[in-house]
Amino acid sequence: MRIDRSYLLLLLLPTCNANYFGSETLSNGVLVPKVEGEDVVSWCTTSVLEQKKCLKLSQTAMQDKGLFGRDYIDIQCKQAFDTEECMTWVDRGEASLLALDAGEVYVAGRFHSLVPIIQELYGRGEPYQYAVAVVKKGGLPAVQAGSGLHGLRGARACFPGVGALAGWVMPIHVLMREGGLKVTDCNNHVKSAIQYFGESCAPNSLKDMYNPIGDNPDQLCKLCAGGAGVRCTLADPHAGYEGALKCLLADGGGEIAFVRDTTIQHTLMSQRILGGVSEDRFELVCRDGSRMPVQEWERCNWGRVPADAVVTSSAATVKQRKKYQNLLLKFLELYGEPNPLNKISNRTLDFQARDPYGNLVTSTTPPSQRYYDPYRPDQTVDNSRQFDNKQEGLSPFKARLDPSGRPIELPFQLFKSGDTTDLLLQDATINFRVIKEDQQAANHLLNNEFVGDQAEKAVMGIRDCPVKRATLCVTSEPEMDKCVKMRVAMKAAFLSPTLVCWRAHSARHCERAIAEGTSDFAIFDAADMLHAAYRHRLVPFMQEVYSSGNNWYYAVAVAKEQDPDTDLTYLRGKNTCHTGIGMAAGWIYPLAYLISNGWIR
């Protein structure tokens with residue numbers, strides 16, 4: 001019997017260890033690491049509260065493992081500093097899932113090759129939200145009905161973060177088109193916003209992605225509230241959609257906050273998240289400058305934006321993506337009770353055609369008299385098409401009942417976030433839309449039958465450049481080859497304007513080409529620049545800076561070490577080599593030096 005008990009212990013111990021370690025599995029009595037995406041799925045979180053909620057989900061799912069059936073997979077939670085670090089982890093295969101704002105989905109796809117697999121649905125099943133602008137009642141008196149949005153110039157603004165679709169991309173694009181916001185840097189729309197707004201809070205405005213050459217002023221960080229290391233990042237207390245409203249409420253804070261309608265529902269109208277502040281203290285600013293109550297987001301908004309989505313790596317196989325989708329749908333079924341703060345949208349109103357300022361256009365209005373909409377190919381608006389995904393409008397959540405038929409309290413609620421909002425997923429979510437394999441791309445999320453193409457045009461529009469092309473004049477084949485390679489690299493990086501390479505036979509030829517409008521710019525030696533200025537009235541607009549940190553260099557004379565007879569004081573009859581007649585360091589400076597010293601005449 002003693003031998004049998006020992007044998008039993010040997011069988012039990014590995015099993016206990018396998019359960020204990022969690023990130024390992026038992027194979028032939030040996031613990032081996034679990035494979036990300038196969039044995040375990042890691043959800044990337046970006047805050048302590050989100051990590052806590054994720055761990056609660058993981059624990060609850062493990063306890064309810066029998067309810068998942070074949071859809072169960074172990075869940076791990078990995079906390080990153082911000083969403084960009086999460087994108088990097090998912091790209092590297094160190095995590096599998098991450099929920100993102102639709103604007104962030106574009107960034108994730110463009111720079112990290114991530115793809116959306118599940119999209120949130122709100123209200124009665126809409127895969128979209130509204131971008132809205134919130135002000136304190138009576139605030140910003142310079143913005144009045146009929147005067148448009150030009151009065152926003154110089155306003156203190158609160159943004160959830162640079163790149164957020166409803167809170168940054170849509171308002172910046174609208175202001176570029178309708179509010180007088182001018183493009184000051186084609187490749188850095190943050191600089192354009194800096195020239196337009198006063199002191200503001202726009203988290204990530206100093207991040208490398210939005211500050212490519214590191215010279216952004218900190219003007220869009222002045223109203224942020226974080227300390228060292230987190231100020232003006234996505235970890236800032238004023239970051240995110242909830243944070244934008246906190247920025248608006250802060251003493252000496254912003255005058256306007258750009259958020260989405262669900263932010264109003266779950267943050268402002270809850271009267272709990274912001275310390276009991278009533279929504280009656282606030283109002284919406286419409287695109288014509290008029291004001292409406294905060295509940296009127298369907299009539300007073302800055303555009304319709306796609307719902308958030310869950311993304312994964314494009315390297316995930318079709319089988320893995322399907323596994324992730326099934327897991328998320330099971331979460332929805334078991335823990336996805338709709339949040340009681342959800343406000344059901346007015347479906348009839350929502351699908352009636354309206355002018356840009358929310359006024360209804362009746363179906364009897366002739367198409368020729370409907371308002372102009374540059375986002376639509378037919379240039380007239382017809383929003384009468386009904387939502388063709390109605391089966392997804394009902395929540396698939398199944399309440400748990402005791403033997404007497406009474407509901408049992410859920411061990412975990414997917415769409416509640418305690419004293420904050422939108423942890424892991426948006427609290428306003430009622431269902432998911434499974435994205436088909438051939439539609440798993442950011443461009444489909446931004447441009448589809450539910451939102452039209454306005455979101456995609458906004459994403460591209462804030463990067464649009466009023467100067468469409470710039471022609472560089474070069475004077476040799478090697479320069480031409482390098483110019484063409486630079487053109488390809490700039491196009492791949494979406495840098496504007498488009499570079500065009502034009503071949504000339506000399507610097508003088510380039511001068512004439514620029515003067516005649518055939519070319520736009522060229523790289524000139526200092527002497528050539530002087531000649532171009534006097535002869536063709538060309539002006540310098542940029543100067544090279546070298547590794548020494550200086551924008552100048554020395555003109556030097558070089559001789560062979562074994563030649564003891566060569567001396568600058570006597571060069572008669574010597575063989576000399578010059579960079580070119582008329583060039584500064586190789587011709588002008590040497591001759592000027594020799595003539596001024598009387599060594600040549």
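Every residue gets a Cβ built from N, Cα and C, even glycine.
Because TrEMBL annotations are produced automatically, they should be read as predictions rather than curated entries.
Summarising the annotation, TrEMBL assigns signal peptide to 1-18. The feature domain 'Transferrin-like' is assigned by TrEMBL to 41-389, 470-601. Positions annotated as disulfide bond by TrEMBL: Cys44-Cys86, Cys54-Cys77, Cys158-Cys247, Cys201-Cys224, Cys221-Cys232, Cys286-Cys300, Cys473-Cys510, Cys483-Cys501. Residues or ranges marked as Fe(3+) binding site by TrEMBL: Asp101, Tyr241, Asp525, Tyr553.
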Length of the line joining the Cα atoms of Cys224 (disulfide bond) and Cys232 (disulfide bond), in Å:
6
Count of other CB atoms lying within 10 Å of the CB belonging to Cys158 (disulfide bond)
28
Measure the Cβ-based neighbour count of Cys300 (disulfide bond), defined as the other Cβ atoms within 10 Å of its Cβ.
23
Including all protein chains shown, what's the count of other C-beta atoms within 10 A of the C-beta of Asp525 (Fe(3+) binding site)?
18
Any idea what DSSP makes of Cys77 (disulfide bond), helix, strand or coil?
strand
Who sits close to Cys221 (disulfide bond): which same-chain residues at least 6 apart have their Cβ under 8 Å from its Cβ?
Cys201, Ala202, Ser205, Leu206, Arg231, Cys232
Those binding-site residues, out of Asp101, Tyr241, Tyr553, that come within 10 angstroms of Cys300 (disulfide bond) at the Cα
none
Cβ atoms near Cys286 (disulfide bond) (within 10 Å, other residues, all chains):
22
If you count other Cβ atoms within 10 Å of each one's Cβ, which of the binding-site residues Tyr241, Tyr553 has the most?
Tyr241
Which of the binding-site residues Asp101, Tyr241, Tyr553 has its Cα closest in space to the Cα of Cys510 (disulfide bond)?
Tyr553
Quick note, Cys44 (disulfide bond) and Asp101 (Fe(3+) binding site): C-alpha atoms separated, nearest Å, by 14
If you compare CA-to-CA distances from Tyr241 (Fe(3+) binding site) to each of the disulfide-bonded residues Cys77, Cys86, Cys158, Cys286, Cys501, which comes out shortest?
Cys158
If I take the Cα of Cys158 (disulfide bond) as reference, which of the recorded positions Cys54, Cys77, Asp101, Asp525, Tyr553 has the closest Cα?
Asp101
In the domain 'Transferrin-like' (470-601), how many residues does DSSP put in helix, strand and coil?
50 helix, 15 strand, 67 coil
